Structure formats: structure tokens, C-alpha cells
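Some notes on the structure that comes next.
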């Protein structure tokens with residue numbers, strides 16, 4: 001599924017994301033996954049991969065097998081569904097631990113300017 005910008009904003013609100021950080025989250029998602037829930041990235045230099053709307057990494061956060069594991073206690077395939085509840089819970093856990101530093105897409109594109117969501 002690909003969200004529109006406002007569709008993403010509405011879904012993130014539904015998932016309980018902090019309104020004060022909403023533009024950061026939208027920017028992160030737009031730069032990491034282009035708002036696609038099922039995106040699997042190319043292999044990273046360290047051999048890991050990133051999954052889903054928030055591009056969550058399998059080195060630390062999700063398990064590649066069929067048994068949920070790692071720090072979010074989920075399988076990576078659970079991060080690829082149109083229902084973003086599991087992915088959102090994991091993304092918020094990552095944020096709580098590292099702020100936005102875990103995401104190069106945020107670091108490279110969102111640190112100083114964020115998208116306009118005032119019409120949403």
C-alpha cells in the first residue's frame with residue numbers, strides 16, 4: 001500500500017504519534033520508504049536489510065525468520081503489512097531509544113526542513 005501524505009498523517013495520528021513530531025515522522029517515511037508499507041530495501045553494507053514504511057533494520061529490531069525476535073519482538077514480514085500497527089509500535093520504540101538517529105533518511109533530509117502538512 002502507498003499512503004498519500006495526508007493519509008499517512010491521519011494514520012500516524014490514529015497510531016498515537018506525537019503531533020509535535022508529526023512533520024519529522026512524515027519526512028522520515030517519505031525519505032525512507034516513499035510511503036510504501038511493503039518496501040524492502042537493498043542489502044546494507046553490513047549485510048542487514050530495512051523493512052516497511054519506517055525501514056526498520058533486521059540487525060537490531062526484527063527477526064528474518066518466522067519466529068518474532070530482536071528488540072521489537074517481531075518478524076520483519078510483520079513490518080510489511082498495510083496495517084501499520086506493529087510497525088508503528090516498533091518505530092516508536094526505536095525513537096524512544098535513539099530519537100531519529102537510527103534513520104539515515106531522517107538525518108540526511110529532515111534535520112532542518114520538514115514537509116508542510118497544514119492542509120491535513
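Glycine too: its Cβ is placed from the backbone N, Cα and C atoms.
According to Swiss-Prot, the domain 'C-type lysozyme' annotation covers 1-120, on the basis of sequence analysis.
The Cβ of residue 120 (disulfide bond) has 5, 6, 9, 10 as same-chain neighbours under 8 Å, each 6 or more residues away in sequence. Per Swiss-Prot, disulfide bond is recorded for 6-120 (among others), and the stated evidence type is experimental evidence.
Around residue 110 (disulfide bond), the same-chain residues six or more apart in sequence whose CB sits under 8 Å from its CB are 24, 27, 28, 31, 100, listed in sequence order. Marked as disulfide bond by Swiss-Prot on the basis of experimental evidence: 27-110 (among others).
Swiss-Prot lists 32 (among others) with the feature active site, giving similarity to another entry as the kind of evidence. The DSSP secondary structure for residue 32 (active site) is helix.
The Cβ neighbour count for residue 50 (active site), using a 10 Å radius over every protein chain in view, is 25. Marked as active site by Swiss-Prot on the basis of similarity to another entry: 50 (among others).
Applying an 8 A CB threshold to same-chain residues 6+ apart, the list for residue 62 (disulfide bond) reads 51, 56, 69, 70, 72, 74, 75, 76, 78, 79, 90. According to Swiss-Prot, the feature disulfide bond maps to 62-76 (among others), an assignment based on experimental evidence.
The disulfide bond feature in Swiss-Prot is assigned to 72-90 (among others).
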Residue 50 (active site) - helix vs strand vs coil (DSSP): strand
Site of maximum Cβ density within 10 Å, from disulfide-bonded residues 27, 90: 90
